[in-house]
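Novice: The active site, proton acceptor annotation in Swiss-Prot covers 13. Here Swiss-Prot flags 41 as active site, proton donor, drawing on sequence analysis. Summarising the annotation, Swiss-Prot assigns GTP binding site to 12-18, 40-42, 305, 331-333, 413-415 and lists sequence analysis as the type of evidence. Here Swiss-Prot flags 13, 40 as Mg(2+) binding site. For 13, 14, 15, 16, 38, 39, 40, 41, 130, 144, 224, 239, 303, the entry in Swiss-Prot reads IMP binding site, with the evidence type sequence analysis. Look at Swiss-Prot and you will find 299, 300, 301, 302, 303, 304, 305 tagged as substrate binding site, backed by sequence analysis.
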């Protein structure tokens, strides 16, 4: 059986949580490999709704091992709050079903402070971060001054790390008009949580390789979306990690050959949270309708999402970069009742045609979508579980998307319920 990597192929919020949950029933191990608690998943299982932002989606299923890899930045206090919330909903979480890489960097309160201070100082030029310290935590990782999970096990090491970290942050805070960090208070907080966090710590790279050798089925769960990738996203309006499929290997300690099937999650229209270019954005009644019908509010921030028509150019681009083998098309039911649907097939920039999104921010800002119109459908697709349940025009819409993005549909989702899914290609099959 192939291991499967799940990545968002747009700006996030594509419905990865449901798809990962649907796939996790057949996986043995579900691993997060990048990001932090800045992206949320909403899972609907029976009559229960679970909202996750850091824990892998598979944590809600019994008999699965949930893994937080070294590519993640971990806020321990948010982790414990999420564990407590799920425990109150009847989910059992212990070292028997949750493992955290020893070399995972920690998000500390000072990272969140810096995130907010910078956004306030930027004013109208702000990036639109969630303010949860993700970016500053990754900066410290690359700057070789981060505190990692394993550092909590030795006070001498922790003190050395704190000295280096605070020398940097106090200088930044002074420039932003903020008071120095209370070292004693931060140290006490870290020592307080150390035993609780260290119980989950493991050499994830070794355990994952052992799982692979034993033939365990591994599901790699990406966060955010490919268009928020630090290298290939709409820079600088991006996240601070690599969101493409290749990160599944380096973010857990498995080699690239461990990746079998890459599944890109794609919404049947387009949404975005925060600032940045969005060529197909709709500021009219159609955009309002998409937002209302799709319940487009962020799981983590509660912010209203910007909505627009499906952008085949962007999805083709991200599928190529991540090596997507098949997509899971979600929220098709949101398009029920539209008389006419539009798909972006290219851009016009200063009279020149583009079949991809240009890298230069100045060109991205001027990109005008070139649309292809398709006839909509009035019948309901909600809850469809086979092609026979879909209106003819809905099938035409799906097939046209496949042609334009040059990638087949492997799964089709027609409601938040996990079983309302049409399987075309089994991602776990060799």
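Quick reminder: no glycine exception, Cβ is built from N, Cα and C everywhere.
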Novice: 12, 15, 40: which of these binding-site residues has the highest Cβ count within 10 Å of its own Cβ?
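Specialist: It comes out as 12.
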Novice: Could you check which of these recorded positions, 12, 13, 40, 42, 304, sit within 10 Å of residue 224 (IMP binding site), going Cα to Cα?
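Specialist: Of everything listed, what lies within 10 Å of residue 224 (IMP binding site) (Cα to Cα) is 12, 13, 40.
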Novice: What is the maximum Cα to Cα distance, in Å and rounded to a whole number, among the residues 13, 14, 15, 16, 38, 39, 40, 41, 130, 144, 224, 239, 303 annotated as binding IMP?
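Specialist: Overall maximum Cα spacing for these binding residues reaches 34 Å.
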Novice: For residue 18 (GTP binding site), just count the other CB atoms lying within 10 A of its CB, please.
Specialist: 26
Novice: Tell me which of the recorded positions 38, 40, 41, 304, 305 ends up closest to residue 15 (GTP binding site) in space, Cα to Cα.
Specialist: 41
Novice: Give me the count of other Cβ atoms within 10 A of the Cβ belonging to residue 305 (substrate binding site).
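Specialist: Its Cβ has 20 other Cβ atoms within 10 Å.
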Novice: Counting every protein chain present, what is the number of Cβ atoms, excluding its own, within 10 Å of the Cβ of residue 332 (GTP binding site)?
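Specialist: Residue 332 (GTP binding site): 23 neighbouring Cβ atoms within 10 Å.
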